[in-house]
Amino acid sequence: MTQFKLIGFDLDGTLVNSLPDLALSVNSAFAEFDLPQAPEDLVLTWIGNGADILIARALAWAKAQTGKTLNDEQIKALKRRFGFYYGENLCNLSVLYPNVKSTLETLKQKGYLLAVVTNKPTKHVQPVLQAFGIDHLFSELLGGQSLPAIKPHPAPLYYLCGKFGLYPKQVLFVGDSKNDILAAHTAGCAVVGLTYGYNYNIPIAESKPDWVFDDFAQILTILE
């Protein structure tokens with residue numbers, strides 16, 4: 001065993017490729033308000049800071065495309081419709097990234113505590129993990145509404161340290177975006193940056209994680 005006792009993971013872009021379902025849900029909601037349909041590769045650049053900011057970025061794009069704006073009530077209604085569609089399509093097109101399930105199972109068998117720390121709406125976290133048969137592997141699930149602050153704030157990692165009686169150096173975090181790297185480093189935790197996720201089309205290495213991996217299974221190499 002290494003110095004690490006707990007390993008925390010981001011969800012979207014780290015464990016699960018949820019982009020197809022997120023794009024479907026944005027576009028379904030947009031269609032109801034006569035807004036343009038966004039391609040997946042564009043929706044990818046809006047992911048990572050929670051649903052409210054995703055919608056804000058989407059609306060800014062739609063305004064630039066069409067000049068159309070929504071009033072506050074319409075924006076609230078749009079967010080509700082996005083939430084409805086995403087609730088209906090949590091795992092319709094989404095898939096686990098390669099080697100995620102087997103690696104998580106190996107880590108659990110080795111005695112590591114596992115946790116999810118995501119900015120995704122809290123109510124969606126457990127259902128997504130359950131759909132892929134991995135929810136039972138985690139000792140804690142933190143979503144966008146679990147705590148007063150979300151990544152890149154370090155609060156979720158401080159919370160994990162407090163709950164499990166750990167020092168930051170005993171926590172390893174794994175993510176795919178600059179928000180993950182910043183949260184971990186601010187908290188004093190080591191962090192893995194994965195190259196395949198959603199980082200606004202910016203190489204994750206530019207955020208200076210402690211390790212950069214192309215394959216989820218490579219996490220095991222630093223825990224031997």
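Each residue, glycine too, has its Cβ placed from N, Cα and C.
Among the candidates Asp135, Asp176, Asp210, the residue that Swiss-Prot annotates alongside Asp10, Asp12 as binding Mg(2+) is Asp176.
In the three-state DSSP scheme, Asp12 (Mg(2+) binding site) falls into the strand class. The Mg(2+) site, placed at the center of the C-beta atoms of Asp10, Asp12, Asp176, has further neighbours from the same chain whose C-beta lies within 8 angstroms: Phe9, Leu11, Gly13, Thr14, Leu15, Gly48, Thr118, Gly175, Ser177, Asp180, Leu194, Gly197, Tyr198. Sequence-distant contacts of Asp176 (Mg(2+) binding site), defined by Cβ-Cβ distance under 8 angstroms and a gap of at least six in the same chain, are Asp10, Gly13, Thr14, Gly193, Leu194, Thr195, Tyr196, Gly197, Tyr198, Asn199, Ile204.
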